[in-house]
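If you look up Swiss-Prot, you'll see 13-33, 77-97, 118-138, 153-173, 209-229, 278-298, 311-331, 399-419 marked as transmembrane segment, on the strength of sequence analysis. The NADP(+) binding site annotation in Swiss-Prot covers K333, R337, L373, H385, Y386, D425, C429, K430, A431, K432, Y433, Y440.
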Amino acid sequence: MKSTVKKSAPREFGGAKGALAIMTGFPCLMYYLWACSKFNDSQFIKPESFTIAGFQNFFRTLGHYIYVGAYPTRYAFLVFWSFCIVQAVMYLTLPGVRTQGLPLKHRNNERLPYLCNAIWSFYTTIVILAVLHVTHVFPITTFIDMFGPLMSVAIITAFVCTFVLYTGTLLFGDRLFDKPHRLSGNPIYDAFMGACLNPRLGKLLDFKMFFEVRIPWFILFFISVGAAVRQYETYGTVSPQVLFVCLGHYLYANACSKGEQLIVPTWDMAYEKFGFMLIFWNMAGVPFTYSHCTLYLFSHDPSVYNWSTQYTTGIYVLLLCCYYIFDTCNGQKNHFRNQIYGTEVHRKTFPQLPWLIIKNPTFIRCANGGTLLTSGWYRYARKIHYTADFFQSLSWALITGFQSPLPYFYPCFFFVVLVHRVSRDIKKCKAKYGADFDEYCRICPYLFIPYIF
């Protein structure tokens, strides 16, 4: 197997300086948003004055908040690491669909095997946590009650995993994880982007696949469930708004789980290396920043957000419509890709929605051997799945109202991520497909919203 250590100037995310800024800045931002939620009624905390003394007091106050409310206790380590270990055991032992990844050029076109059983892991975890809750062994409200300490543990664990994976790859290569791949030569940038493409322990425990669904989306869902249970214990009922975030996070976790085999041939799996960017975001960023809608509802009396029936119903309709487009659009794209590569697998996992699979799809057969889908949802907009995904995220914030900016962090951040991702996708598609991509844009002229943009 040939080595692919190629030293080149870092380009994405501002190179090493940008990577370092993200690696230090985002954990700080997470703590700041959490402190605003817990200690300042979900409003931004500001310095008393824009002087040296004012900023000193500002940072001293934040440090105190973190110490008293987010200290990484031994129990928090036990809870978080136990959750990860149990998920790893399920990953290796529960039944699922076996499939293969895309041919990897740096591994002589080898196609790695994958066992896709996240859907079994999801519902098994629900049953286990339900039993532990009713037997008082482990209250599911722990996920929301210990939000701060668990967030700290997730952040620490993400940094540790990044360091171990980066150094292990450089020192031991595929004897431990995987061979170094597309290195820039700058250790900060390479740790951020990743030193290897497909790190594994053994033949089936693929770290990238493991962190893709089970850690971020499962924990996010259980944070919301914990909030719902705590609200029921406090008020004797669960508000429609808290039920909404539970539904939204359930739909997303379930969608990622039931379509796990469709993740295998995606760009993330076949090209994106596994470093701090993916490790931190999946382990800490997703569950502990996308949940600010839940934190707001949890920390306020339901009377504060007792919206009109019309408003609440409208947000429910928005969520369900966007979810339908999101689910079926991604299903169409990935089923088509699997058909092309001969890895098509039909599963009956819930929910099976109409128009999930396109019969007799139309597509462009490109000069480089690739294909570009021109039917289904993509006939109307080339990135319509991003549009649906964004409006789902926006609905999670809209259900909280407009009294706090914190729930809107996720949709605002996600919008920036999507714009960056789309610009990167277009640039790479133009380079990869050339004139065929121009023809694709002619047939499918709209990017996000049909007949508008």
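Every residue, even glycine, has its Cβ placed from backbone N, Cα and C.
Sequence features, as recorded in Swiss-Prot, placed on the structure.
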| residue | record | Cβ contacts under 8 Å, 6 or more apart |
| --- | --- | --- |
| K333 | NADP(+) binding site | L373, G376, Y378, H385 |
| Y386 | NADP(+) binding site | L418, R421, V422, F448 |
| C429 | NADP(+) binding site | F437 |
| A431 | NADP(+) binding site | none |
| Y433 | NADP(+) binding site | C366, A367, N368, G370, L372, Y440 |
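Most Cβ pairs within less than 8 Å of the transmembrane segment (209-229), among stretches 13-33, 77-97, 153-173, 278-298, 399-419, belong to 278-298. Packing around L373 (NADP(+) binding site) is summarised by its Cβ count: 21 other Cβ atoms lie within 10 angstroms of its Cβ, all protein chains included. Residues 79, 86-87, 90-91, 94-96, 213-214, 218, 222, 229, 253-254, 256-258, 260, 349 of the same chain lie 6 or more positions beyond the ends of the transmembrane segment (118-138) yet place their CB under 8 Å from a CB of it. Residues of the same chain lying 6 or more positions beyond the ends of the transmembrane segment (278-298) and with a Cβ under 8 Å from any Cβ of it are 23, 26-27, 30, 33-34, 37-38, 42, 144, 147, 150-151, 154-155, 157-159, 161-162, 165, 194, 208, 211-212, 215-217, 219-220, 223-224, 227, 230-231, 239, 241-242, 245, 249, 268, 272, 305, 393, 396-397, 399-400, 404, 406-407, 409-410, 413. In the three-state DSSP reading, L373 (NADP(+) binding site) counts as strand. With K333, R337, L373, H385, Y386, D425, C429, K430, A431, K432, Y433, Y440 listed as the residues that bind NADP(+), the site has a largest C-alpha separation of 22 Å.
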